[in-house]
Amino acid sequence: MLGYIWQYVYTSFLRYWLKWLIRQATGNCELQRICSSCKPGATRTAKAEYSLRCSKNKVVRGALETSKDNLEQCVNQIMQEKNVKSQKDPQFKASLHICLLQITGYSSLYTSVEDLRKEVFSSDNPEHEAMLLKLWDLLMPSVKLDSRITKQWGDIGFQGDDPKTDFRGMGLLGLINLVFFSENYTVEARQVLSHANHPKLGYSYAIVGINLTEMAYSLLKSGALKPHFYNTVQGTPELQHFHQLYCYLAYEFDKFWVAEEPESIMHFNQYREKFHNIVKAHLLEPDVSLTLTVSSKN
Amino acid sequence: MQYVAVRLTSSPLVTLGGVSRREGNKMGLLSILRKLKSTPDQEVRILLLGLDNGGKTTLLKQLASEDISHITPTQGFNIKSVQSQGFKLNVWDIGGQRKIRPYWRNYFENTDVLIYVIDSADRKRFEETGQELAELLDEEKLSGVPVLIFANKQDLLTAAPASEIAEGLNLHTIRDRMWQIQSCSALTGEGIQEGMNWVCKSVNSKKK
């Protein structure tokens, strides 16, 4: 209870008085102090985001919803409002610009990802079909598909003889992630597939992949991936960065699964949750960077 | 209202339990509470089976009033507990992929009701789903267990009506247990309540 009262008093009064006092003493506004005292990345951008969100000034708060093309102008406006002179703090402008690109980029990345997720896989769409066949060729270069509808799909971990019913709530996003991993990390993807096809420790490669897409998507949606993207992308995060994150999850989950040696595939959700918690714990570290690093002894 | 006020002022909090035991027949607030507490919800084990892409997980999430827009194929199983009509329904949703169907039998023990979910629009697999159901009904561990068949996906234009499915599956030949077929749409929620009412009713009549 006391905590709540303190928080209320702090956010509604004390914070502003403190900011004002420090501003008078140092001659720098809060954003300047953040940009100069924190190193680039999650710490700086997260603090800047908080500062912008709490601001009483409409122009400053509005920066969080500004489109990428208007950001430069927006930075100038903030500098004007806060009376920051470029000559006195030459790095501020560029630093704030990057912070804003990261912050606004995160929301636009979510929008793009959500659009792909909502796009339903359709057999009538030649692009979708081509992507599905490409996935097969990348993973099984030496085996030809007998036909479009075939039990062979089970060999790369789809459930039935037509993969289209497996994309479900993840839509095209699930397929694009699978193809991206196989295309950009072909050796690793085939290695993961061979683990997945292990007679005892195996799992269904494709549907577990779709499940991990769901994990990546939920982490993005909840905002949990912010520190990762703020640390790894010095600008606007794009779709490919999201696909990269999926590759990390697919590769790391496989390593985790093989190391844990679960009794059977029926325990999947239990181990998925365990892996999920590990990932979430990583995301609380200020220097987090979930990038796939290939171990040399492949 | 007056009665409660008098009780609270005349007896200190610590002795309230004793007071209400003596005068339980007057149905004071506490004795009502105690009565509620003394009949905890009866637990019911429900097994949710069917082919992959039938809609089992969507149904499970609908029962638990959860978001159904991000569902992915079930690897392994999901379990949720739902309160309904004085029962605590423990619903086990087991993946329907052919590869893991051999594991279904690990979940048969102590099942109170079997719910079998059919994709009514997937006519190509009616034969396969009928075979799986017939095998389940032959299982010793499931003998006598009431079975509810959900003719799911009725929101689709191509869905077969429940009567057609019942005929195709020869449901009328089932003699050794209670059974019911219910058309529904796990997506819109239509028909699910009716089905669950039947589940609770069949548990009640079985226990009597």
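Note that Cβ sites are derived from N, Cα and C of the backbone, with glycine treated the same way.
Note: TrEMBL annotation is automatic and uncurated.
Just so it is clear, the model here is predicted, and its values are computed rather than measured.
Residues B:GLY50, B:LEU51, B:ASP52, B:ASN53, B:GLY54, B:GLY55, B:LYS56, B:THR57, B:ASN152, B:LYS153, B:GLN154, B:ASP155 are given by TrEMBL as GTP binders; from B:GLY95, B:GLY96, that same site also lists B:GLY96. Reported as a whole number, the C-alpha separation between B:GLY96 (GTP binding site) and B:THR57 (Mg(2+) binding site) equals 10 Å. A gap of 17 Å separates the Cα atoms of B:ASP155 (GTP binding site) and B:THR57 (Mg(2+) binding site). DSSP assigns B:THR57 (Mg(2+) binding site) to a helix in the three-state reduction.
Those binding-site residues from B:GLY50, B:ASP52, B:LYS56, B:THR57, B:LYS153, B:ASP155 lying by chain A, with Cβ under 8 Å from one of its Cβ atoms, are B:ASP52. Across B:GLY50, B:LEU51, B:ASP52, B:ASN53, B:GLY54, B:GLY55, B:LYS56, B:THR57, B:GLY96, B:ASN152, B:LYS153, B:GLN154, B:ASP155, which the record gives as binding GTP, the greatest C-alpha separation is 21 Å.
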